[in-house]
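Colleague: First, the structure itself, so that you have it in front of you.
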Amino acid sequence: MTWDGLPTQPLLMLLMLLFAAGSESALAGCPGCGPGVQEEDAGSPADGCAETGGCFRREGQPCGVYIPKCAPGLQCQPRENEETPLRALLIGQGRCQRARGPSEETTKESKPHGGASRPRDRDRQKNPRTSAAPIRPSPVQDGEMGPCRRHLDSVLQQLQTEVFRGGANGLYVPNCDLRGFYRKQQCRSSQGNRRGPCWCVDPMGQPLPVSPDGQGSSQCSARSSG
């Protein structure tokens with residue numbers, strides 16, 4: 001099963017192995033924390049690499065959940081149109097980027113460039129009667145703004161803390177599609193050799209009625225296609 005089917009993987013063991021690998025790679029770069037990484041304390045390069053948390057990644061540099069974190073004001077995010085955003089962050093294939101809010105994206109799309117009015121607006125001024133039909137809002141363009149993607153971002157921010165507190169058993173990491181909405185099947189992480197429970201949801205994450213035979217993902221696909 002792919003990375004999107006997280007319940008088939010021993011998630012906690014994988015996270016700890018990734019953390020150990022990230023720590024070794026950070027320490028191997030001492031002094032100076034390695035290329036593309038800045039130290040918290042520029043006055044003591046060796047001390048900056050004494051621990052994994054002592055190094056910061058600059059904007060545009062690779063990052064992940066358990067490797068040196070991004071510098072203040074930056075956030076580790078998957079690349080645009082990344083098919084498996086969780087996997088990318090776990091294996092350190094994210095990028096340090098400046099956090100973008102919904103208002104910022106909306107402002108960019110709503111303001112015309114150079115102060116020029118849009119052709120549709122000019123047509124309305126010439127022919128007011130032709131603008132009677134309401135304009136339908138365009139679908140979500142940025143997958144990061146989907147409900148599942150917002151949920152995933154909040155989980156990733158808390159993931160490292162929960163693992164070290166021992167509270168990550170049965171962890172639920174939302175399974176998102178490319179547009180940031182929920183995939184049909186959602187599952188909790190595996191617990192030892194036992195697979196975590198799964199359930200079916202709609203694109204907004206609302207649980208769907210349980211099928212009588214409870215056949216997991218096949219039933220989710222069949223129900224959505226019917």
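The backbone N, Cα and C atoms fix where each Cβ goes, glycine too.
Among the features that Swiss-Prot reports, signal peptide is placed at 1-25, with the record citing experimental evidence. Among the features that Swiss-Prot reports, domain 'IGFBP N-terminal' is placed at 26-99. The disulfide bond annotation in Swiss-Prot covers CYS30-CYS33, CYS49-CYS55, CYS63-CYS76, CYS70-CYS96, CYS148-CYS176, CYS187-CYS198, CYS200-CYS220. Residues or ranges marked as region 'Disordered' in Swiss-Prot: 92-148, 205-226. The feature compositional bias 'Basic and acidic residues' is assigned by Swiss-Prot to 101-126. For 145-220, the entry in Swiss-Prot reads domain 'Thyroglobulin type-1'. For 214-226, the entry in Swiss-Prot reads compositional bias 'Polar residues'.
So that I understand the layout, could you describe where these features sit and how close they are to other parts?
Modeller: DSSP gives CYS55 (disulfide bond) a strand state.
Secondary structure at CYS63 (disulfide bond), as computed by DSSP, is strand.
Same-chain residues at least 6 positions away in sequence with a Cβ under 8 Å from that of CYS70 (disulfide bond) are, in sequence order, PHE56, ARG57, GLU59, GLN61, CYS63, CYS76, CYS96.
In the three-state DSSP scheme, CYS200 (disulfide bond) is classed as strand. All protein chains included, CYS200 (disulfide bond) registers 22 other Cβ atoms within 10 Å of its own Cβ.
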Colleague: Between CYS96, CYS148, CYS187, CYS198, CYS220, which of the disulfide-bonded residues has the fewest other CB atoms within 10 angstroms in the structure shown?
Modeller: CYS198
Colleague: Tell me, if you would, which residue among CYS55, CYS63, CYS76 (disulfide-bonded residues) has the fewest other CB atoms within 10 Å in the structure shown?
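Modeller: Result for the disulfide-bonded residues CYS55, CYS63, CYS76: minimum number of other Cβ atoms within 10 Å at CYS76.
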Colleague: Looking only at the domain 'Thyroglobulin type-1' (145-220), what is the model's average confidence as pLDDT?
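Modeller: In the predicted model, the domain 'Thyroglobulin type-1' (145-220) has a mean pLDDT of 76.
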Colleague: Using C-alpha atoms only, work out the spacing between CYS220 (disulfide bond) and CYS176 (disulfide bond) and round it to an integer in Å.
Modeller: 15
Colleague: For CYS76 (disulfide bond), which DSSP three-state class applies?
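Modeller: The three-state answer is strand.
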